[in-house]
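Going by Swiss-Prot, these are the annotated features:
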type	residues	note
DOMAIN	108-301	domain 'ATP-grasp'
BINDING	135-185	ATP binding site
BINDING	Asp252, Glu268	Mg(2+) 1 binding site
BINDING	Glu268, Asn270	Mg(2+) 2 binding site
Amino acid sequence: MAGQSGRTFPRVAVLMGGASTEREVSLSSGHSCSAALRDAGYEVTEVDAGPDLARVLAELSPDAVFNALHGRWGEDGCVQGLLEWLRIPYTHSGVLASALAMDKARAKEVFAAAGLPVTQSVLATPEEVRARHILPPPYVVKPNAEGSSVGVYIVHEDANGPPQLAADMPQDLMVETYVPGRELTVTVMGDRVLAVTDILSDGWYDYDAKYRPGGSRHIVPADLPAEITEACHDIALRAHRALGCRGISRSDLRWDEARGLAGLILLETNTQPGMTPTSLSPEQAAHCGYSFPEFCAWLVEDASCSR
């Protein structure tokens with residue numbers, strides 16, 4: 001039953017922070033979403049997720065949880081399982097889709113089985129990557145279960161040897177063939193594709209380019225041939241469905257213009273996209289006529305268990 005505000009879930013707990021390498025990004029998303037939801041008429045409690053999260057949520061007993069967590073434990077199925085156990089409706093994808101999307105290697109297997117275009121990749125340990133070229137250069141090395149381009153290395157064709165990785169790299173690394181071309185991203189909202197964004201940055205679209213002011217420019221909608229735009233929409237929607245995503249997802253692609261349609265490659269799908277007003281998915285929602293409070297409210301009203 002709708003509350004006095006006319007909302008199905010008038011009392012919302014916004015989960016943010018957590019203990020992953022993306023904590024600061026999550027806090028930024030969480031504070032932005034909290035302010036937007038208050039503007040939309042919700043009663044909001046901000047929750048910095050910690051070891052006592054189950055107790056905190058049980059005491060708060062919110063009508064729904066807005067998940068603004070990023071990275072490990074927040075978007076890999078862990079907190080989703082806790083919310084299912086507590087039977088609190090929550091936003092974004094459920095346990096299985098979240099776990100699959102966070103595991104890049106398994107997500108790629110799902111994409112390949114669905115006939116989506118992916119590039120060659122293998123799993124390796126840091127020791128193996130440091131010892132020899134796992135793939136012919138150029139290739140990319142990145143953690144198999146991290147987001148926000150944390151810990152990404154590019155090995156160029158003229159590299160003298162394998163990369164000297166940081167000592168704190170996780171044991172599961174994905175090594176994949178480097179895909180040249182334009183950086184594109186597409187948000188799916190429910191069963192609707194919002195838009196394609198062309199991301200312009202100086203060099204690799206890394207953590208700094210994503211979050212440092214002026215680190216990149218976003219062109220919405222991307223200036224693309226109609227058949228490429230249509231193909232981007234199709235790939236993003238099929239990826240969303242193949243993983244079983246709910247709420248919103250954002251799929252990242254590369255397009256090598258010289259190869260036409262054959263140059264369009266799906267890199268990964270993110271079940272917990274950044275959620276500040278200037279993040280990629282909210283920008284696309286704004287292009288489609290949704291204010292940031294309306295976009296956040298849509299996510300809350302879409303919340304459920306058994307996702």
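Note: Cβ is positioned from N, Cα and C throughout, glycine not excepted.
Features per Swiss-Prot, on structure.
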residue: Leu135; record: ATP binding site; Cβ contacts under 8 Å, 6 or more apart: Gln120, Val122, Val175, Glu176, Thr177
residue: His156; record: ATP binding site; Cβ contacts under 8 Å, 6 or more apart: Pro137, Pro138
residue: Pro163; record: ATP binding site; Cβ contacts under 8 Å, 6 or more apart: Val129, Arg130, Val141, Tyr153, Val155
residue: Pro170; record: ATP binding site; Cβ contacts under 8 Å, 6 or more apart: Pro126, Pro143, Asn144, Ala145, Glu146, Gly151
residue: Leu184; record: ATP binding site; Cβ contacts under 8 Å, 6 or more apart: Val196, Thr197, Asp198, Ile199, Ala222, Leu224, Cys232, Asp252, Leu253, Arg254, Trp255
residue: Glu268; record: Mg(2+) 1 binding site; Cβ contacts under 8 Å, 6 or more apart: Ala101, Lys104, Ala107, Ser251, Asp252
Looking only at the domain 'ATP-grasp' (108-301), mean pLDDT returns 92
Cα of Lys142 (ATP binding site) to Cα of Asn270 (Mg(2+) 2 binding site), in Å and rounded, measures 15
Least Cβ-packed of the binding-site residues Thr177, Asn270 (other Cβ atoms within 10 Å) is Thr177
In the three-state DSSP scheme, Leu135 (ATP binding site) belongs to coil
